[in-house]
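Please read the structure below before turning to the comments.
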Amino acid sequence: MGCFFSRRRKPAQGGQQQQAGAGQDAAAGEQKAPQYSWDLRAKIDPKDYTFSGLKDETVGRLPGKVAGQQFVIQDCENCKIYIFDHSATITIDDCVNCQIFLGPIKGSVFFRDCKDCKCVVACQQFRTRDCKKLEVFLCCATQPIIESSTGMKFGCFQYYYPELALQFKDAGLSIFNNTWSNIHDFTPVSGENNWGLLPETAVVQDYVPLPSSEELKAVRISTEATKSIIPVTRGRRQKSSDESCLVVFFAGDYTTANARKLIDEMTSKGFHLVQTKEVLMKAEDGHRVFNQCASEFISLLEKGPVVALEFNGDGAVEQCRSTINEVFSGTKVFVSESKASASQDVDNFYNFADMQMGM
């Protein structure tokens, strides 16, 4: 069997050449072993990515200090904990009466055996087991799951600091994919409800206050809904009207900015943002969702994912169409044509999107 870097030597011709060959072999043996890029990486100390056994403390990590690593929080009581960075996964075990902020998590966050905690969390997957009385302002890209947990309350994530948008990108999370209110209970109890929604008027700082330590106060935070990185949606709350409108923006340089601009315009006029979604569409999906208008938009689907918004309120369709004509006159946008077709537009799109995302 051969090996890498081996060479075939020519037969020695005379003692002198043999001695020279032996000397070269000895020199080669003294050469340093090659260094590879992974040998030069900084060694990871698990203690830098763990909060354990704390009581009555305020602790945290500033932007850039976690940088996509895994994090563990365990056996903490009466603590305020802030992770102002993106991470790979986070597990939270046996914590009591803690207030916790977790920046974007590329994978899962798993709460186990926790009680009386208040949290702000952004993640790909959210799960709890054997927890009691958690109140969570949540952004979750997939359906949140609770198991053997009671007294759970959920609201929509609303938070801002300057580094947060890039952290969402680094974690591979879209600000438009948030299923915070679509909870799946693995262990339902007949006649009881293990979870519910926080009041729509709930204020984040009343649950998870801004950090008081000098180090963490350096992070420039806002919890105002209008500044939130994640658009604040009503989710599965009761709709105020039987009229909704679907708006779809197609991929381009200003897709996110345009979507946020329309959200600001519509909500300032009293309409509710029910849900948002960012998803890739194929031509056949476009025909199913856009119906008679499909031919106008099919070619745009090749540019990348679309961003869809559902607005609700009496007159939503007329106001959406009017605002788009005024503000986005040079942009191709799909808008429901009438109140009669709008409900079907919404159902068609979100049924497709949920199937695409495995929900």
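Cβ from N, Cα, C; glycine included.
All annotation found in TrEMBL is predicted automatically rather than curated by experts.
Summarising the annotation, TrEMBL assigns compositional bias 'Basic residues' to 1-11. What TrEMBL records for G2 is N-myristoyl glycine. According to TrEMBL, the S-palmitoyl cysteine annotation covers C3. The feature compositional bias 'Low complexity' is assigned by TrEMBL to 12-31. Feature annotation from TrEMBL assigns domain 'C-CAP/cofactor C-like' to 34-188. Per TrEMBL, GTP binding site is recorded for G107, S108, Q124, Q125, F126, R127.
The local packing around Q124 (GTP binding site), expressed as other Cβ atoms within 10 Å of its Cβ over all shown chains, amounts to 19.
Excluding G107, S108, Q124, Q125, F126, R127, which define the GTP site, the same chain contributes T89, I105, V109, F110, C123, C140, T142 within 8 Å (Cβ to the Cβ centroid), listed in sequence order.
In sequence order, A88, T89, C123, Q124, Q125 are the residues near G107 (GTP binding site), counting only same-chain partners six or more apart with C-beta under 8 A.
Our reading of the GTP binding annotation (G107, S108, Q124, Q125, F126, R127) yields a largest Cα to Cα distance of 11 angstrom.
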